[in-house]
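The domain 'Deacetylase sirtuin-type' annotation in TrEMBL covers 2-289. The Zn(2+) binding site annotation in TrEMBL covers CYS139, CYS143, CYS177, CYS180.
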Amino acid sequence: MQQLNIQTLKNISSLIKDADAILIGAGAGLTAAAGINYLDREKFAEVYPGWQKKGFNAQYELMGYPYWSQEEQWGYYKVHLEYVYFSQSANPLYQTLFDLVKDKDYFVMTSNVDGLFYKSGFARERFYAPQGDYGKIQCTTPCSEQVWDIEPFLAQMDPYFDPVEQVLTSDDGVPKCPNCGETMFIHARVDGSFVDKVHEGEREALISWLDSNREKKVVLLDLGSGFNTPTVIRHPMEQITRAFPDAHLVRVNLDHTSTPPDLGFRATAVKGDIKAVIEQVSALAAVAE
């Protein structure tokens, strides 16, 4: 287990214990710490051998990749979704995090779309995922503000899926919008076609939670947010800390640990493995009970 500054970990444990409310802001670094690392070449070779033969070495290389056909794209995503979404159940790291905050008035906002929070015990009504959900699919036009469960669309690909090349062999397997017949894509924010409306309820719940806790002692746990989309998690966590007079930001990250100078002692940065930090803070919290 990674050796971290014990006093810093004790301080974080005390902050959580004394908090009236906890806001978790989670980025890709948390999912990587939980074992799904988009830069893991060894895992890529195991799960995506057909795509390794095509010259790719990591999942990250195919994020936003523009040079493929619909048959190639959906062949890849069929494998990808079955690995990162449907094969994943409750995750030990997320469960440890849940145990740490479950008795508090907590809320989660995340840029992750893998569903690991609600698969690991976190309440759906305390959850805001503005970047989407791998369990859903939408029209790319979009012709409506509707999203659908993606699993039946993946099942329809089975007769056309080449498991060696990991592509679809026919356009007949490519998902088509049930309403207008146009192309579809995973409900994940990649461009202006993303259907935002389905997340309005989540956003309103977050705003209501923030309003009710504005004058309380709030700890903001920023776990694994970086600079790919800093306006989704990283910057809002800093802005909320500034706006709340009794808030404290705890930022844990392998690389991007800087905190705004104006937050001063109301921010704690930990450079290290998120899994190790959460496990050790959890252990300290258990001893303190």
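Residue 1 is the first one shown; counting continues down the chain.
The backbone N, Cα and C atoms fix where each Cβ goes, glycine too.
If you draw a 10 Å sphere around the CB of CYS139 (Zn(2+) binding site), it holds 24 other CB atoms from the protein chains shown. Annotation for CYS143 (Zn(2+) binding site): same-chain Cβ neighbours under 8 Å, separated by at least 6 residues, are CYS177, ASN179, CYS180, GLU182. The record gives CYS139, CYS143, CYS177, CYS180 for Zn(2+). Within 8 Å of the mean position of their Cβ atoms, the other Cβ atoms in that chain belong to THR140, THR141, PRO142, SER144, PRO178, ASN179, GLY181, GLU182, MET184. Taken together, the residues of the domain 'Deacetylase sirtuin-type' (2-289) have an average pLDDT of 96. Taking every protein chain shown into account, CYS177, CYS180 are the binding-site residues, and of these the Cβ with the most other Cβ atoms within 10 Å belongs to CYS177.
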